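Here is the structure we will look at.
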Amino acid sequence: MSVPVAGLPRRLALSALAGAGRFCALGSGGTRWRGVPAGHRRGLADLQPKRVPRQGFKDSDSWLPKYRSERKSYITNPNLATTLVRILKEEAKSPDQLFLECNPGPGILTQALLESKAKVIALESNRTFLPHLESLQKKMNGKLEVVYCDFFKMDPRNFGIVKPPIMISETLFRHLGIEAVPWSKDTPLRVVGIFPSKNEKKILWKLLYDLYSSTSIFSYGRVELNMFITEKEYEVSLVYKYLFQSRLSVLLSVYPEVELLDLMEPWSSFGVYRHSGGQEKVKNKNPLVQTDKQVEENMCLIQLTPLENLFTENLTSVNYDIFFHMLKQCFMKRNFRLMDHLQLLSPVNATAILKEMGKHGDMKITDLYPQDFKQLFETIEYFKESCRWLFDDCMEEMIV
């Protein structure tokens, strides 16, 4: 049963119809969850613990790794650090680059970046490594800034109290004197680090939400990410994207420029440390046998660069979440015909949408390319009807 909404502000349509029937009708603009404001950035006066309102990324903090049991990986091979810096310098558009290094640990990569004349902000979440990094900071004449912070837990949406190493990017960047630049400008800073192996996909999802909503680090411009990711996750999320068989593959194919840089390293080039600072050894050298510590596998270096034309007249940082919802519903019913999906997605005349797109209604979702999903969304947004979207009530919560 489809229920249109008339005369309500567009952001109230979802909550108004939550109990009215199976479908919720939405007007133009961005959809939010019940009672959730449009953005989560807050002006904070200092680095002291602050309370953050619950936000709608998920209803629990399960996407974050458990603090006591998590293990972090660090670059411990000086040759790898030198090679990585050379590759990053080759990709640089200007010689004077600002790098934000995630979890530098023993500082092997930090030292290599500093020797290349780069300025480095080291965000370290393990207190064990802070004394060494702070000692190095004193020798660098302002070229190195060390902060007790976990980049991968920055800007949480569901924590009541925020205190280091969890931080708000607005507070951190203000403390560091980093100012936002227009989206049309070049990359304001470059992030380099290693995705936590147990949470790669979830962190990648969060970064995509932040990118499409222009929040967190992306509220400061087109921040470039240079991250090591396990070969397995690279193949599943990034190589598999060329098959266009998932929401993640579509989002990665449409807007951000994702590139595999010329660097693939065995796991032995990295050190795995417990929170206490002790290094773990991987005893199993057979890549086909998984231990309870870590799989011996390669790590791939990827670069994710937001495109300057990320947003258009019909797809913006305000309505991006409708686009996410649309993809979710499409891939939950991937064997449906395109005509069937249009009747579930929008009260706009399906035949008119297909004519505008130049597509046949008997096509399946699996026959579409990423740009087709973008075209579908923008075509429906182009129509001027007051009610343009229908969403299943169960679609209200994002799935990560």
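Along the chain as shown, residues are numbered 1 onward.
Glycine too: its Cβ is placed from the backbone N, Cα and C atoms.
Sequence annotations record features per position, and here TrEMBL assigns S-adenosyl-L-methionine binding site to Ile75, Glu124, Asp150.
Overlay of TrEMBL feature records on the structure.
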| residue | record | contacts (Cβ under 8 Å, 6+ apart) |
| --- | --- | --- |
| Ile75 | S-adenosyl-L-methionine binding site | Ala81, Leu84, Gly105, Ile108, Leu109, Ile194, Ser269, Phe270, Gly271 |
| Glu124 | S-adenosyl-L-methionine binding site | Asn103, Pro104, Gly105, Leu130, Leu133, Val146, Val147, Tyr148, Cys149 |
| Asp150 | S-adenosyl-L-methionine binding site | Asn103, Leu123, Ser125, Pro165, Ile166, Met167 |
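Between the farthest pair of Cα atoms in the S-adenosyl-L-methionine binding residues (Ile75, Glu124, Asp150), the distance is 16 Å.
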